[in-house]
Structure formats: structure tokens, C-alpha cells
């Protein structure tokens, strides 16, 4: 499936209007070979995939966007719908196909395909339904774009990022899970709401599993550069640990609430993943809590496990993991989160 018939050729004879509209200036040099053409492929044109694609388009991140899905008619409809918005968006070539060959030369491949999470279902329960699907997705992406960066969004994201890493044969820095980037955004929103400040002025991380065993790093929260808990202690302002735990529970439950109300989540994850894509392709070297190989960090042992840690992202993928200070309790919870993922991961045989 190719893009719709929009080119410089018009009329029954296929008249090429390019030369008529635009003439070369004298003594012009060819385009610079250093100019980079960026390409993103999104696998899965469901609610999440299309929210990601739409958000990426509005942010002028990419020159070419490819959509992949098994449902040909729906896929072509989504492609045409986006193409028809061209007058309102930054110029981006949009293609769609059921054939993975169209992803050739992608700089970033975003995988959203997977079974939909049902109300009340744990993310980890989705695993067996999605591993088989990944066996048909990851190898073709690696074949047609051997230098790409894989960004996994499908749930359970931590285990499936590990599966993608194994199936692709890529170095670990080029396989990333969306992890707790969105969880941390929800966390920042709730803290900002409690303090009546802008969420962009709040620095706060959720790490570990993107799921029920995630860990809130209360010790490192700051607002406008002021560490919150140490400030309260110095000012002798009392706070209850139960209040902190309640906020963390709201973060964990928020996705389930959205799913129970509208059937799926889409817009927040769309913005979250587009944010990651921008950091990677624009080489912004921003720190995001994303799923990376965590073995060896904060006492995590027992095997190669992917879970979220604050990591610096750039054109090479994961550039490094931030050495965030953790309390003994936070480090213990993080190791427990790793064990939770490893227990499931070790049953896969991947």
C-alpha cells in the first residue's frame, strides 16, 4: 500500500509540473550530503498507535512517517485521514502498508501492536498473547532497518522490551521501552495539583515496573529546584507517609480508571511517546524514566531485566543512566520490582 496519488504529475499524460513551477538558480550546488532525512515507523494503527502518529506529526519531529498494521482497509483509511490534514501540519510524507519492507531505513521504529488491555487486567497478564505477535514484528524491523532504534510501547512494556531486544539482536542502547515516562507525568501532575504549581516545574520520577510494583522516588522530588521532603523537614512541617502512598496509588490506578471509563488510553501515551521520539531524533539528551537494561544498577542482579530508570536519551538511543540518589527503602522496592519482572521473564524461553 503506497501513499495516495499526490505528486507533481497532473493530467492524462502525467505532465510533470515540477520544472514548470520551479526553475534552478544558476551555479547551484547539489543538496548537502550531511542533511539528515528522518523516518519513523509506527507498528500498530490502533488507538495508541494513531495517537502517537498524530502527536508526532504536530510536533514537526520527522520527515517521513510510516504506518504498519495487519488491517489493510483500516490502515489506508487512517493514512488518508492524516494526509488530508497536510495543509495544517508540518510537511511530512505519510505512507502505510501491511508489508514491513516499507519501514526500510527507519531511524526509529515504535511498536504499539498488541492485545488490548481489558478493565481490571494486570499488564503482566497480557504477556503470553503478545510474545507470539512480537516474533512476527521485531525480526522484519531489524532486517529492513538494522541501524534503527526500537521504542516499545506494547504492554507489559518491560518484559516485551526484553523480548524485542532478544529477537532483534540489537545492542541494548538501541532498544528502549516507554516504561514509566507516562507514569512520571501523571505523578508530576498530581504533585503539581496538590501544590497548585505548573507540572513543568515539578521534577519527580516513577521507576521500576510500568505497573503495580512501580516505585515512587519521593526523596528526589523537587519543585522549582527546591527538594520537597528535605524542605518540609527543615521547616519542621509535618507530613504523613500515607498521603504520599495515596498519591502513588493514584498514579498506578489512573490508567485502569481511564480504561474503565473510555475503554483504552491514547492521548497521554501519544504525547509521552512523541516526547521520547523528539528527545531521541533531535539528540536533545534529556533525561526520561524509560525501560532499559537495569542489571548492575542499584544492586539489581539475577539476569538481564528491563525496567525504568532515569536515562539520558539522544541520537544513539540510551546514552547513560542517571545516578539518582535512592533511599534504602526505595532501592529495596526497586530490586523487588526487578524480581517481579524477572519471575515472569524467566518463563518465556526467549
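A Cβ is built for glycine as well, from the same backbone N, Cα and C atoms used for every other residue.
What TrEMBL says about this protein:
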type	residues	note
DOMAIN	38-177	domain 'Lactate/malate dehydrogenase N-terminal'
BINDING	44, 45, 46, 47, 48, 49, 69, 130, 153, 154, 155	NAD(+) binding site
DOMAIN	180-344	domain 'Lactate/malate dehydrogenase C-terminal'
ACT_SITE	210	active site, proton acceptor
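Between the farthest pair of Cα atoms in the NAD(+) binding residues (44, 45, 46, 47, 48, 49, 69, 130, 153, 154, 155), the distance is 17 Å. A 10 Å cutoff on Cβ-Cβ distances gives residue 44 (NAD(+) binding site) a total of 23 other Cβ atoms nearby, all chains included. Within 10 Å of the residue listed as 'active site, proton acceptor', as judged by C-alpha distances, the binding-site residues found are 155; the full candidate list was 48, 69, 155. Around residue 69 (NAD(+) binding site), the same-chain residues at least 6 positions away in sequence with a Cβ under 8 Å from its Cβ are 43, 44, 45, 46, 49, 75, 78, 96, 98, 113. Summarised as a single figure, the pLDDT of the domain 'Lactate/malate dehydrogenase C-terminal' (180-344) averages 88. Once Cβ contacts within 10 Å are tallied over all protein chains shown, the recorded positions 46, 48, 153, 210 are led by 210. Within 10 Å of the C-beta atom of residue 155 (NAD(+) binding site) sit 27 other C-beta atoms, taking all shown protein chains into account. DSSP places the residues of the domain 'Lactate/malate dehydrogenase N-terminal' (38-177) in helix, strand and coil in these numbers: 68 helix, 26 strand, 46 coil.
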